[in-house]
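> Reproduced below are the annotations present in Swiss-Prot:
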- ARG227: active site (ACT_SITE)
- HIS275: active site, proton donor (ACT_SITE)
Amino acid sequence: MDIIFYHPTFDTQWWIEALHKAIPQARVRAWKSGDNESADYALVWHPPVEMLAGRDLKAVFALGAGVDSILSKLQAHPEMLKPSVPLFRLEDTGMGEQMQEYAVSQVLHWFRRFDDYRIQQNSSHWQPLPEYHREDFTIGILGAGVLGSKVAQSLQTWRFPLRCWSRTRKSWPGLQSFAGREELSAFLSQCRVLINLLPNTPETVGIINQQLLEKLPDGAYLLNLARGVHVVEDDLLAALDSGKVKGAMLDVFNREPLPPESPLWQHPRVTITPHVAAITRPAEAVDYISRTIAQLEKGERVCGQVDRARGY
């Protein structure tokens, strides 16, 4: 069994050694331009077209939760990957726990009005503020995949009213489910906090725009943990300036790194982190990949395969 590996920033040698330990029968090598030797599996992140084109692979593993970089290249270069080759993504591998930590900490930050107290502190102003009531602090989650379900579970512990919106209806206990474009307005109407965990697909690009933000209650909050392309940044800035949106916590952006001239950096109601809400944990990823390869070799059904038509 031959495995090729490519990631522009990961410690390649660590991955090769870890994969050797997890799959002793495999020959693992770092892919470099010009390497046209045969391979059974490819582990990749933002791979060059030539790495995958023309290969008779058993499967490709994206080394992250998203596969949009691969699918976008496939649109321009359909020869990059045969339709018959299954494409897998890392559905969790520790990312769910990280998303839970990030989302819960920020929701509580807003719920306890720490953002308002920070602004008061900046002007040396001492003034206790009225508390928010949990029953009026509905949290809405855009996207109900693996990570969305993890975030919902963690927030249920804090007894906030919860709702989700997705392509198809969910039957999660203690959570109100909305599905399809026809139910999006009703979903948004009660969301004091909107958490975005949608996949990046042609249908979701630019979905958080002026029209969507106007349907939120006045003074709502936005937490974007998915992709920067989901948000029309100028529309968000306008909503923040008008007070329609009271605060935004943004981990992802249309351009990364976020350019120094972006007005988001200096906006008093915006908090920025550099795409760190959930990162790939190498040991857990190797465990998932090795188990999945073993299942594929046995002809068993496996989880995590991407539906290329849907984009996730």
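Glycine too: its Cβ is placed from the backbone N, Cα and C atoms.
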> Between the residue listed as 'active site' and the residue listed as 'active site, proton donor', how many Å separate their Cα atoms?
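Cα-Cα, rounded: 9 Å.
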> Mind checking which of ARG227, HIS275 has the fewest other CB atoms within 10 A of its CB? They're the active-site residues.
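Looking at the active-site residues ARG227, HIS275, the Cβ with the fewest others within 10 Å is that of HIS275.
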> Using DSSP with the three-state reduction, classify the residue listed as 'active site' as helix, strand or coil.
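DSSP assigns the residue listed as 'active site' to coil.
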